[in-house]
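S.K.: Supplied in structure tokens, the structure appears directly below.
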Amino acid sequence: MVWSLSYSLSLILGFLISVSSDALLPIWWAMEVSGLVFLGWLFMNASLSEREDSPLWTYYLVQSLGGLMVLLGLGSPYFLGVDHGDSMSTMWESGLPPLSTLFQLIMSFGVMVKLGVPPFHGWVVRLSDNLPWGKFFGLMVAQKIIPLVFVSNLCLDSGFSLDWLSVSTIMCAIVSLQGVMESSLRRFMSYSSIMNLGWVLLSINSSSLSNSFKFFLLYLLLMSLVCQVLKEGQVSSSSQAIGGRFYQSKPAGVLTSILVISLMGMPPLPVFLVKIEILRDSMCQGFELCSISLIMSTIILILGYIRLVIYSMMISPSPSKGMIFPHFYWVLSAFISTFLSVVWYWLN
């Protein structure tokens, strides 16, 4: 409890520092602090065998390596001999072209490693296998907030090449297809998270920061509900176990299906509306290949979501038991999944 509260406070503090800072170094500091607190949270309630398990140490090594690569890129003015008072754009343009490109590449790889962008996604899928649902949410969603703010600040710098974002978007679309045939629920949701990360990167790359904020906020709300529902229902890692937990009453089954359908981005629900806006902006910016790849991967990955719902419906509900989750979660799920789309149009 203490570590989860400490992680939440450090994440909020780091987010406030990152959005209020014009420099990249404070954002890097916020990333590292939140990563260390999250690592402490992972180790705190773990058993001795789990602490000795390689995925936890892999997370530490991967995050440390990514942080060092980003720091090396941030320290490039010292190596390129640029005045420290110059802007980031001047820093890249004033250096020797080969060396400047090398530092940009190192920083880009560092951010990709910390976000778990393909081909640096293996540690994310492996670590997610045995995590409790609360920590799973932290790994898949919360830990990506500050690095995405870092990427957004890079996009505001005209001297920094963003070609790596296009490549990362396409890689997210391709790699996420591995989740279609996964029987592990956590692994499937990990690949789904990679695909949704591709949508956020595409939105940032097309200079549509407002849409990226809308999409990530909706995804954060939906994932928090899904993880809370799975935690309350004590659902195992097997996707077949969903049905017996979710469908113990007809209202719970219907609202669970609505929540899953909303998460997959089916029309006319809010996630679908934001994806349409992202596609519109990305097409105008000339990112047709990235857009088409994400559209195809999303359509194929929907098959995995449909399989979750079908498994749930195939298991007979128990008439003797009531709704196994608090009513609050189901009401909130229905509101976010349905009525929020009407509010969305009103705000726009």
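Keep in mind that glycine also has a Cβ here, set from the backbone N, Cα and C atoms.
Caution: TrEMBL annotation is automatic and unverified by curators.
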S.K.: I'm validating the feature mapping. Which of 101-124, 197-220 is tagged transmembrane segment in TrEMBL?
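M.R.: In TrEMBL, residues 101-124 carry the label transmembrane segment.
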S.K.: Using Cβ distances below 8 Å and needing 3 or more such pairs, separated by at least 6 in sequence, tell me whether the transmembrane segment (162-181) contacts the transmembrane segment (28-48).
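M.R.: Checked: the transmembrane segment (162-181) vs the transmembrane segment (28-48), no contact.
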S.K.: Other than its close neighbours in sequence, what residues sit by the transmembrane segment (28-48), given a CB gap under 8 Å and a spacing of at least six beyond its ends?
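M.R.: Residues 3-4, 6-7, 10-11, 13-15, 17-18, 56, 59-60, 63, 67, 70-71, 74, 114, 131, 135, 138-139, 142-143, 146-147, 150.
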